[in-house]
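What follows is a set of notes on a single structure, which appears directly below.
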Amino acid sequence: MPQWLPGLLLVSPSIVAIGLFVYGLIFWNTRVALSGRHDEISPYRFDKGENFVDLWSQPSWPGAVRHALLFTAVFVGGALLLGWFLAFLMEKGIRWEGGFRAIYLFPMAVSFIASGVVWRWLMNPAPPERAVGLNQLLEKLGLGFAANDWWQNPRWGMAAMAIPAIWQMSGYVMALYLAGFRGVPEDLREAARVDGCSEWQVYRYIVFPQLRPVTLSALIILGHISLKVFDLIMAIAGKQIITYVPAIATYVEVFDRHDPANGATIATYLLLAVAVLVIPYLVWSVRADRR
Amino acid sequence: MTAISPVRRGRALRTARLVILLAVAMVFLMPVYVLVVTSFKSLSEADPSTAWSLPQAWSTEGWQAAWTALKPGLANSFKIAVTGSLISAVLGSLNGFVLSKWRFPGADAVFTLFLFGMFIPYQAVMIPLAGLLTRMELVGSISGLVLAHVVYGIPICTLIFRNYYVTIPDELIEAARVDGAGMLRTYRSIVFPVSGPAFAVTLIWQFTSLWNDFLFAVFLGAPKSWPVTVMLNNTAGSGAVAVQYSQQMASALLASLPTLVVYLLLGRFFMRGLLAGALKG
């Protein structure tokens, strides 16, 4: 008996579970997506991927894709920049560092469903004379010009929807970058200073290049969270058309329109978007790990 | 340009950094402030137009109403999150041990295939999953939700333990093998005793994500097994306009308290868990 066999046996329940629940069900879902099952009773019928084309001519779908892209751009960009900036300000040590870290990170422990309750209130679009929430605060601070209709703006609403998500996730990005900054050996920085580098040049040529892997990890993690965003929008807006995104669309197709084929097709598109982002990263990082 | 001494410049910079960090911290705490003050207002006083002012008379009406409404959901959430995270941690520990210290041919490929499961949008499995659980007669039950959470938690838990076990020197494992210890004895006598921190990280991580889950619960749950997130969304979510504001805010706080307490008490481990989730943190 080879020495490794018991190891394989011990992991085999998990292999079976992942094989069935992840890969098996993805296969099954794709099969539903390729079928003509637009209600819950008709039998399976292969229809050559028509759903994948037809989806684009449905009224709500192109908007859902546009919303997801706008949300992703603002959320990922915003959380990366804010998280990086906070870590940059803290990396050399600062008074009350433990306290700051706790405050920036705690939103991560809260569900979007819970924080959505208060964000829906804060981002209320009522006009100036009866402004509430953030708009009221902005008026009081003399920044009334910045008051706006937040997520209910038909064009840029999804950018406002990204604000609670940035609030939730930038502390995490900060923690990643802080670990990155502190992983740069002090002798490296000292050597550069001895060679006559200014403090800015030390950052520019020594520290920042070392942070690239952190940026990549953060991009992947934020990116896949963003494409999948569901809870936050359900809590703040529900199933409204102006904040429609693919993840909500799957839910609506399954539960409200009772159309498994369409729901599965949207879910497959979502999976493809995430796979394009994640697979190269996984292969790269497992390989780098082995070296 | 006036000459400023480097020392004074350094001090000014430090103050500037502190001021910016304080300002950001205030913005971060702003939603919490609104939640807390509104939750303690009386039913008639709580209103978006007075969001920023302290309660004129402190009242616990909202909290009492929230507690009554959410009690069954809190109980379900506890059952799901506690059982689910315990099973997840045990599985993660065994998998992590094998994939780092008792490797079999193809272990890297298996690990990569596991990891992909961490990133998939669960919508892509939800429709057949509901069908599968129906056939297993688990749909709508607490056990069904626990099963789903445990299975889809395997990747992250395996990852945390594997990254932790990699730091155990191979010589220790080799020595045990030479002494004739089999796999399970090696795990029990060498690996398990040092696993405390990794268990803490995994338990906290899983507890938080299971507690906060909404997606699995709406797709696979039923009224009797709904966790607190679904009940919260029903009473305080975008569709619930009839419920009093103080109760909505108290409900949101009540539903977040367990994870916040865990986070405040064990934040150090939580942090490490977050970094492990980043693969190469």
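Glycine residues also receive a Cβ, built from the backbone N, Cα and C atoms like all the rest.
As given in TrEMBL:
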type	residues	note
DOMAIN	A:65-283	domain 'ABC transmembrane type-1'
TRANSMEM	A:7-28	transmembrane segment
TRANSMEM	A:68-90	transmembrane segment
TRANSMEM	A:102-122	transmembrane segment
TRANSMEM	A:156-179	transmembrane segment
TRANSMEM	A:214-237	transmembrane segment
TRANSMEM	A:266-284	transmembrane segment
Review point. Among A:102-122, A:156-179, A:214-237, A:266-284, which stretch has the most Cβ pairs under 8 Å to the transmembrane segment (A:68-90)?
Key: A:156-179
Review point. Are there three or more C-beta pairs under 8 angstroms joining the transmembrane segment (A:214-237) and the transmembrane segment (A:102-122), sequence spacing 6 or more?
Key: yes
Review point. By a Cβ-Cβ criterion of under 8 Å, what residues six or more beyond either terminus of the transmembrane segment (A:266-284) are in contact with it?
Key: 26, 29-30, 33, 52, 55, 61, 216, 220, 223-224, 227-228, 246-247, 249-250, 253
